[in-house]
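As written in Swiss-Prot, here are the features:
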- 272, 275, 307, 314: [4Fe-4S] cluster binding site (BINDING)
C-alpha cells in the first residue's frame with residue numbers, strides 16, 4: 001500500500017503497440033512527442049530540428065508529408081536520426097504508402113479521408129510490411145460530414161463515434177497496431193471526448209489539445225487538459241501543441257509528467273516566487289540552474305527557497321536543498337539533512353556540483 005495514496009495515479013491498462021523501438025501503452029512509460037515545423041523537403045533543416053527535439057527528451061517526432069517529395073525525403077532523413085519518425089498524412093493514400101516504405105515507424109492518418117476500402121487496404125498492407133503502426137487522428141475541425149450533420153456541431157459523442165468508425169475500418173482489415181486521438185482546441189470538449197473514448201476502447205490513447213495557441217496560452221491549456229486526463233489514468237503518449245519552437249513542446253510535456261510523478265526524468269526544481277524576505281536572488285538562481293542542470297537525466301529533486309519560512313520544510317523533502325539565511329549565509333541540505341552554510345555567490349557552483357554528484361551516485365545503483 002502506498003504511503004501517500006493521495007498521490008497515486010492508477011493508469012488504465014491499454015494494449016501495447018510499437019512505434020519503432022518505443023512501446024506505447026500498457027505499463028510502458030508515457031511517451032512525449034513533438035512535430036517539426038520545417039519544410040520536410042528541406043532535408044538538412046528537418047534533420048537538425050528532429051535531433052534538437054530528440055536531444056530535449058522526445059521519444060517520438062512527427063513530420064508532415066503533404067506531397068510525394070516530402071514522403072520520399074523520409075528515406076534520407078531517417079538515416080540521420082535515432083528517434084522513431086511519425087509521418088503526418090492527410091487525404092492522399094499514396095503518401096502514406098510512400099512514408100511507410102521510406103522509414104516512417106508510424107502513420108498519423110484518418111482512415112475516413114484516405115479513400116475507399118481498396119486504398120485503405122493498400123495503406124495497411126504497406127504498414128504491415130514495414131512494421132509501421134498507425135495513429136487514428138480524429139479532430140473536431142475535420143469530422144466526417146454525416147457525423148457533423150447528425151450532431152449539428154463537434155461534441156464528445158461525435159468525436160467518439162468518428163473514432164469508433166475508424167477503429168472498425170482497421171479491425172475489419174485485421175490491423176490492430178494502432179493508437180487513437182480525439183483532439184479539439186476546446187479543453188472541455190477534449191477532456192469529455194477522451195474520457196468517453198477510454199470507457200469503450202483499450203487501444204492506447206494519444207493525448208493532445210490541438211491548436212492550443214502560443215507558448216503561454218498553449219502551455220496553460222495543455223497542462224489543464226492533459227493534466228486532468230493523466231490524473232484520471234488516461235493517456236499513453238502526449239503532444240503539447242504550441243505556436244512556438246517544437247523543442248519547447250518537449251520541455252512542457254516532460255514537466256507535466258514530472259509534476260504528476262508519471263515519468264521522472266531530470267531534475268525537478270521546487271522554488272519559491274521570491275519576496276522581500278529572500279536572502280539571495282531566487283529567480284536568477286533558478287534560471288541559471290535550469291540551464292546548467294539540463295544535461296542531468298537522472299530523476300532527483302532540488303529545492304531553492306529564499307528564506308526560512310518554508311525553506312527547511314521543503315529541503316527536508318528533496319534530495320538537495322538551499323534555504324536562504326541572514327547575511328548571505330544560506331543553508332545547504334543533502335538528503336533532507338542540514339549540511340553546511342553556503343555564501344550566496346557560491347550557490348550556483350555548489351548546487352551544480354552536489355546535483356552532479358548525487359546523479360552519479362544514483363546512476364551507479366541502477
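The backbone N, Cα and C atoms fix where each Cβ goes, and this holds for glycine too.
Sequence features annotated in Swiss-Prot and their locations in the structure.
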residue	record	Cβ contacts under 8 Å, 6 or more apart
272	[4Fe-4S] cluster binding site	278, 282, 304, 305, 306, 307, 310, 311
275	[4Fe-4S] cluster binding site	306, 307
314	[4Fe-4S] cluster binding site	270, 303, 305, 321, 323
Residue 307 ([4Fe-4S] cluster binding site), Cβ-centred 10 Å count of other Cβ atoms over all protein chains shown, is 21
Counting only residues outside 272, 275, 307, 314 in the same chain, those with C-beta within 8 angstroms of the [4Fe-4S] cluster site's C-beta centroid are 273, 274, 277, 278, 282, 305, 306, 309, 310, 311, 324
